[in-house]
Each structure stands twice: as structure tokens, then as C-alpha cells.
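A.B. asks: What follows is a structure written as C-alpha cells; I'll ask about it next.
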Amino acid sequence: MRLLPSFVALALGLLVSADPLLSPYRVHERRGHIPVGWSYDRKHDSTAAIPLRFALKQNNIDAIGDYLMAVSQPESEGYGKHWSAGEVFRKFSPSTESIGAVLAWLEENGFDSSRAKLTRNRGWIEVQATVEEAERLLQTEYHVYGHETGQEHVACDSYHLPEHVQSHVDFVTPTVHFDAKISKRSGSGSPDGTARSVGQPGHGTSPKTTGEIQTLLNQLESCDKQITPICLRALYGLVYEPLAASKNSYGIVEYTPQAYLQSDLDMFHSNFSQGLVGVAPEMVSIDGGYAQTQYTGFEYNGESDLDLEYAMNLVTAAQPITLYQAGDMVEGASFNNFLDAIDGTYCTFEGGDDPTQDAIYPDPYGGGYEGPEDCGTAKPTNVISTSYSYNEADLTPFYTARQCAEYAKLGLMGVTVLYSSGDYGVAGNGGYCLTPNGTYSLNGTIFNPSFPGTCPYITSVGATQVNPGSTVYDPEGACEQVIYSGGGFSNYFAMPDYQKTAVEYYLTNYYPQYPPNIWNASGTSRGFPDIAANGANYVVAIDGTFNLVYGTSCSSPVSGAILTMVNDARLAVGKSPIGFINPTIYSSSFAGVFNDITMGGNQGCGTAGYTAVPGWDPVTGLGTPNFPKLIAKWLLLP
Ligand SMILES: *[C@@H]1O[C@H](CO)[C@@H](O)[C@H](O)[C@H]1NC(C)=O
Ligand SMILES: *[C@@H]1O[C@H](CO)[C@@H](O)[C@H](O)[C@H]1NC(C)=O
Ligand SMILES: *[C@@H]1O[C@H](CO)[C@@H](O)[C@H](O)[C@H]1NC(C)=O
Ligand SMILES: *[C@@H]1O[C@H](CO)[C@@H](O)[C@H](O)[C@H]1NC(C)=O
């Protein structure tokens, strides 16, 4: 992530901004409140160092949704014609004008070119500043905030940019954002102070357990009491042996200190999939990530063990799994760290070039080498499942928009991105709801949607259950045991076209009878989740015992495994992976392909939440997957 000195000089030589000194400062971002668990501690020391990062506005980014639809809509000419990483890079990397404008402004403010670094993907400019310099540059004041766990975080309440710079910058960090990486060392990362939370991001989003199981049932008649792989295979019709495993992989993302134990995987597999005993996931370490064994217990191993045990079983021993283990023990990692690594537009200069010496290809100025320099430090798998999430309100609109666009890029490259929708129904992580002044409270009454669930370029997965007393041959209901399926409407993102028909049908026929000040009743905002899968009573080997586990944390990896097998069938006949699935699954040609869920709801914030009804609903989305129907439909597409 180093800027070549010659490149800085070149960029500065191409400056175009006129009269920058006369441009007035404007508020760029402002935060309404301090997130749960944090409190103001002190003004930051003016001589302390602060690593400023400027997220540069990307070229053509406003049209990214259109580009994505062109390769993802089943009726589109370009369906399945995914882009290479190089094509994504060329289309969206920030313009030379944007880079020049920010560098020039920095230089005018005393940050000469030797201090400014452009990251490899041209997405960010970094400078090391003192607090005093940063405060002058951004017309702000930095404070130190303390978390109840003892962790500290540096932030400001708002910051300013000159008008002529604003249009070139999405946002600056560290500033108003609280995407802090709570390190496990300093204790629990949960906003409610319990020991539940695992890893980060998304404190309080771990699965829940009701504890150890005495007797393992593992029978189709008992799936209302214990979910094991045979239950899921029966529920979703997943009977499939991969044919194209070498062309495929299934990615699971974990954030250290959350880690799997090989002994737990082996214990699970010895009971449910003997061929996998001794098999480890293929680990891709991101930012120093590794499967730590220093800390164990449900809160450290629960999520990873759950995800990997079920993912590996369902895709069978024939299909290796990729584990993206993000963050080390000290720093942890955020979604953005993961995206930095997975984004194929982040060049590694494979093929023998020396990253410290070589120029940037394709030549950003034109006239140079325009060939495909397609690279990334971590290769994205065809399907990536993540069971961690933030509250949308934790983050600013600029920040979420930028991250959401990164997911769209993965979709352009043919990657299916799944996120669990949250476990607190219409409430946010830890059961917190919003209050009229924008703060969080357990007594709040305003619904608190999750992110990235509300990003229109990911597939959000809610949770269902085999209703008590029912079997796998009966319809499932929304999960109402221990956890409630996250769902609702975004306050940041507009309703994407692909879901208009489905969501408008819901709003027309089942309009939620809540005052419009507690949910986004505009009728124009993104509804989530998109799909659902079972999330109750999972048998998971954790720390040497079988435990019952609940959560959309179960639903996402199971859905991802099913979609990975759909990809296998397409790859086996020479077709492209399914990529971003939402435009397809909401299309009329896929009507009836998901098992519609019409029972249960997702209570929260002192309400019954939304109700699962015929058609799409903000509890279980379109419903649960029906593998035989999915595979048949997807094999018909080009
Ligand atoms: C799991 O499998 C092991 C080895 O086959 C067996 O001894 C054990 O009883 C099984 N566990 C349960 C809870 O049935
Ligand atoms: C916001 O409102 C809640 C109750 O609705 C109140 O408890 C809290 O003190 C308020 N906070 C601020 C910063 O105004
Ligand atoms: C929530 O309400 C309960 C009683 O209704 C009250 O005891 C408690 O202090 C309130 N908590 C907060 C955080 O406002
Ligand atoms: C509702 O969502 C839309 C985005 O579609 C947003 O513009 C609007 O501000 C939201 N309303 C509230 C009250 O947050």
C-alpha cells in the first residue's frame, strides 16, 4: 500500500483545481450520537499521531447498480458475463483529477507529497498527521472515547472539507465512525456487556446457545428439537455430489479472535460425515488472521465451528471450503479490511513484477500498458457467507454506501455475497432499538435495521424453524425460539428495482400497522431479508461437546452451501457462477422456487415486529431454498 514517489510527482503535475484556497469549508459528515457501550473520556492529545485515510470518490460509481443488473438479470443479454478484476479496476478507480485535487489540498495544508500515499488500488490516500494538524485540516476536534470493556477509540463528532474537495472524497477516517475493532483482549465486545459477543464487526451478533445436549437424536422425526445435516437435506432437498469441485470453492469469513477448533470439526464430522474427519478448511489469512487457540469457549469457537461444520458437511468432502480468517489477536479486522483483501482490484502485481518498483498497470494515465493486471491478495470464492453484522445506524450513509458499492463489485465479478440478517427481529444487535433523538436504548421503540443486510447488493438471509411438533415435511415458520429473524426496511438505501414488485405486493396487501415514525414507511426503501433458512436448534460440536445453537448465523452458511452446489451444477456444464442472485430470485421466472414462509414474526422494540405472510415479507424474505427447483431453473439460464 505504498505510493511510488514518481507517481505522486506525476499526480501533482496534473493538478487541475482552480482557486482551491477560496473554496469554503462545509460539514462533510456528522454523527448524531455515541454508540452503545461507549462514553466520552477526554480531548485527544494534540501531539498524538493520527493515521488519516481519505476514501476517494470512485469514477462511474453512481452507475454501478446498472452495470451489476446487466450481468445479473436473467433476461439481460449480458447475464452471467461477469467482469474481470481488471475491468472493475479500470471502470471504478478514482480519476486522476480526484487524486490530484486531494493531494493538492493536502500540500496546501502542509502535507507535502512525501507524506501522502496512494493505496495500490487507488482507492485511498493516507497521511500520518498529528492530532493538531488533523484538527486544522478537517476543522474538527478529536476526542478519546472509552468502551465499557476498557478499549479506547479516537473520533470526532463532525468534520469539514472544502467544497472543491468534497466531491472527490467519500469520507475520512478516523473521524465520526465507530466501526471500531473491539479486541477480545480487552474483554467482551458486546454492547450489552454480556460475554455473548464473538469477534467483530457487529458486537452482539453471535449465535446463541441453550447449552449442551445430553442425547443426540439425529432423526428426521426430531428435527423440531435438533437440527442435524439430515434435517437440512430433507428440508431443502439437498442431495447432491459435486462434479466440478476443482473449479469451485465456498468461502466462509471469520473475524479473529473467533476461531474454529479442528477437534470440534472432527467430533462433528465423526458423527455426521466421516469422510471429513481430519479435513481442515483451506485458510486464507487476512491481516494476520489465524485460528487462535489461546481462548476457547462458546464465545470464541461457537460461530466458526457452526459455520464450518455445516458448510463442510453440506457441500460434501468432495468440495473444499475456503476460510477467510480476518484480523490478528491485537487489532482484529473490520469488513473493510476483508474487502481490501478480497477486492480483486487491489493489485498484487503477480507474475514477477516487483511491487516496490513497478508502475501501476493498467497505466492510469493512458498510453501505457493497458493489459489485464488482474489481481487480488485473496481470491474471492464464488459464494461468500458472513455471519457478522452492524446496525445500519452505527455507520454513516457515506460509509455504508461505499462498502455497499464494494459488494456490488464482487457481484460484477460473479461472487454471491450472503450476510445473516441479525437475530433480534426488528431490533438491532443486542436488542437495542432507536429513540427519537437517534440514540440506542433497550427501551427504544424505533426499529433498528442491520447492515450490510440493508445494502441492496448483497443477499440477506433470515431465520426459520421447524415448528414445535412439526416435521421436515411440514411448512417451516419464522424462527421464534431464542432468536428472531432480523428484517425490515433500510433508512439509508432506496428500494432496488429487482424487489419492487415483491415488496410493493407486501405493502399493498399486508401493510404493517405501525406508526410511520417507528419504521421506514416511505414505501421506497430497501426491504430485507431476501431469503431465509433454518436457524433453530442446530447441533454443533463446540469445545468438545454437542450444543444447541440458534441464529441467522446458521441460516447464512447453510444457504451458501446450497448455492455453492447450484454453482457446481452450472460450472460442470461450462456455465458461469450465479453471481449476484437477487435480480434472479425475485424475477417472475423464479416464482415459487423458494418455499414461502407464512407463519411467525420477528418481534422487537416492544412490538410483534413484522409477520411472515404469503409472498415476500420482512421476516423471511422470499422463503427458504428448494434445491431441486433452484438447480433446474438455474440450469436453464445462460
Ligand atoms: C458420535 O459418534 C461417536 C463415534 O462414532 C459415538 O461414540 C458417539 O456416541 C456419537 N455421539 C452421540 C452423542 O451419539
Ligand atoms: C435521547 O432520548 C432518550 C429517551 O428517548 C434519552 O434517554 C436520552 O437521554 C436522549 N439523549 C440525548 C443525547 O439527548
Ligand atoms: C427501561 O424501562 C424500564 C422500565 O420500563 C426502566 O426500569 C429502565 O430504567 C429503562 N431503561 C432505560 C435504559 O431507559
Ligand atoms: C427512509 O428510507 C429512505 C431511503 O429509501 C431515506 O431516504 C429516508 O430518510 C428514510 N426515512 C427515515 C425516517 O429515516
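Using N, Cα and C of the backbone, Cβ positions are placed for all residues, glycine too.
No curator has checked TrEMBL annotations; they are predicted automatically.
These came from TrEMBL, pasted as-is:
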ACT_SITE  E303  active site, charge relay system
ACT_SITE  D307  active site, charge relay system
ACT_SITE  S553  active site, charge relay system
BINDING   D596, I597, G615, D617  Ca(2+) binding site
DOMAIN    226-637  domain 'Peptidase S53'
REGION    182-210  region 'Disordered'
SIGNAL    1-18  signal peptide
A.B. asks: Quick check: with D596, I597, G615, D617 left out, which same-chain residues have Cβ atoms within 8 Å of the centroid of the Ca(2+) site Cβ atoms?
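C.D. replies: After dropping the recorded site residues, what remains is T598, A612, V613, P614, W616, T620, G621, L622, G623.
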A.B. asks: Please list, in sequence order, those recorded positions from E303, D307, I597, G615, D617 with the Cβ less than 6 Å from ligand 3.
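C.D. replies: None, as no Cβ falls under 6 Å.
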A.B. asks: Under 8 Å Cβ-Cβ from D596 (Ca(2+) binding site), six or more apart in the same chain: what's there?
C.D. replies: P614, G615, L622, G623
A.B. asks: Can you name the recorded positions among S553, I597, D617 whose CA is within 10 A of the CA of E303 (active site, charge relay system)?
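C.D. replies: Hits: S553.
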A.B. asks: DSSP three-state call for D617 (Ca(2+) binding site): helix, strand or coil?
C.D. replies: strand
A.B. asks: Inside 10 Å of the Cβ of D307 (active site, charge relay system), count up the other Cβ atoms and send me the figure.
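C.D. replies: Summing over all protein chains shown, D307 (active site, charge relay system) has 31 other Cβ atoms within 10 Å.
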A.B. asks: Quick check for the class: what is the C-alpha distance, in angstrom and rounded, between D617 (Ca(2+) binding site) and D307 (active site, charge relay system)?
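C.D. replies: Spelling it out, the Cα of D617 (Ca(2+) binding site) and the Cα of D307 (active site, charge relay system) are 26 Å apart.
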A.B. asks: Would you count the other C-beta atoms found within 10 angstroms of the C-beta of S553 (active site, charge relay system) for me?
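C.D. replies: The answer is 30.
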